[in-house]
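Notes follow once the structure below has been shown.
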Amino acid sequence: MSSPSTLVQPVPRRADRRLDTAWLGGVCSGLAAHLNWPVLVLRLGFVLLSASMGIGVLVYLVLWLAMPLASEAPQAPGIEAASRSGMRTVQAGYRVPADLGLISAVALLGAGLLWFVQAAGWGAPAAALWPALAGTFGLMLIWWQADHIPNRSMKGLTGWRRWFAPLLAHWSRIVRILLGLLGLVTAVVLIVVALPPLPEGSRTLIVLGLVVVALLLAAAPWIIRVRRSLATIREDKMLADARADMAAHLHDSVLQTLALIQRQAQNPKAVAALARRQERELRSWLYGETAVDAPTVKAALVASAAEVEDAHGVDIDIVVVGDRDLDGDARPLVQAAREAMVNAAKHAGVAKVDVYAEVDDDAIEVFVRDRGGGFVLDDIPADRMGVRGSIIERLRRAGGNATIRSAPETGTEVRLEMKR
């Protein structure tokens, strides 16, 4: 039995940072790839904004934390396995950009703009400028170092080892992180020195607050990285559980059905019935169709079609659009639809019957069609109640309507309608 298709909305593409073409944190490279803009235009834009009260630097730092790193390109299975087992050395670290001349030119442009703005009196006061420069230098150096710790070096590490992986990996990383911390300490000292005279208790609280903020900012990349790693672990666990559920379902249903088919290979009807039943179970499990025991019109129609398939060995191709509760108005229609399926399966002489239903809160329509030999309604004896009593009269008493169109050698279509 078929089921109505559902449109899958595309997953929106998310901006990420690209370290393979990055000059610093990969923010401009990621935005350029996401927006399809020239990366140099974005870099110059950040430089120009930074000359105006440091707005560009602030925006860059926020995006640095907010944008995740781009996923690593997958390796060949053999190389990945060798790396995990320690048989192959993974070259970690950073790549020296090839365009050092352009980097130097942009850096000099930024420094010249900053000098011009400060000389013209349009910039920040010196008491705020030098702490901002020192703190920005320290943060960027620490965050840059955090970005260049490959994920592979953190796999298998837990607890304090995961947090101190960058310190334990190489002495040059220690030096860079210490220089970054020195920049933050310098910023804190310059801010404290520039403070106006304050009571000793207030000054102490301010110093403690600045130290806590500096430490939190320095640790922010690692905190975010660990959180994202935990989210990845949860996703991997969900995928593993889904695979385990699929394996269990295949073992409990599909493999057992295949074994039954092998034992009854000489009985084509039994094999066809087993295949149809297994198809219904797989569709319900894979596509999340409504359970056959749910009190809805769709579930009742699907269950009726399954019963007719199993009883008469005919494929019932059913499509149901919409759904609603199986109330007193809908039950007679479902019973009439089942009788129409039975009649088609028994008398049409075909291997397949098509059923189409549209269900909403105001009306239900069901069409049962076969391409069999057809019949003439007036030729049916009066004592035969299958069509007249179980379909037409049943719907009429419930306030519905049944229309039968049939002719010899053209097939039969039964249209059932019930309105509220």
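If you go along the chain as it appears here, the first residue is 1 and each next one adds 1.
In case you wondered, yes, glycine gets a Cβ from its N, Cα and C as well.
Pulled from TrEMBL:
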| type | residues | note |
| --- | --- | --- |
| DOMAIN | 17-69 | domain 'Phage shock protein PspC N-terminal' |
| DOMAIN | 328-419 | domain 'Histidine kinase/HSP90-like ATPase' |
| TRANSMEM | 46-66 | transmembrane segment |
| TRANSMEM | 96-116 | transmembrane segment |
| TRANSMEM | 122-144 | transmembrane segment |
| TRANSMEM | 177-198 | transmembrane segment |
| TRANSMEM | 204-224 | transmembrane segment |
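Spatially, the transmembrane segment (46-66) is not adjacent to the transmembrane segment (177-198); fewer than three Cβ-Cβ distances between them are under 8 Å for residues at least 6 apart in sequence. Residue counts for the domain 'Histidine kinase/HSP90-like ATPase' (328-419) under DSSP, split into helix (H, G, I), strand (E, B) and coil, are 31 helix, 32 strand, 29 coil. The helix, strand and coil residue counts that DSSP assigns across the domain 'Phage shock protein PspC N-terminal' (17-69) are 33 helix, 2 strand, 18 coil.
Away from its own ends, the transmembrane segment (204-224) comes close to residues 65, 135, 138-139, 142-143, 146-147, 163, 180-181, 184-185, 187-188, 191-192, 195, 198 of its chain (Cβ-Cβ under 8 Å, at least six residues beyond either end).
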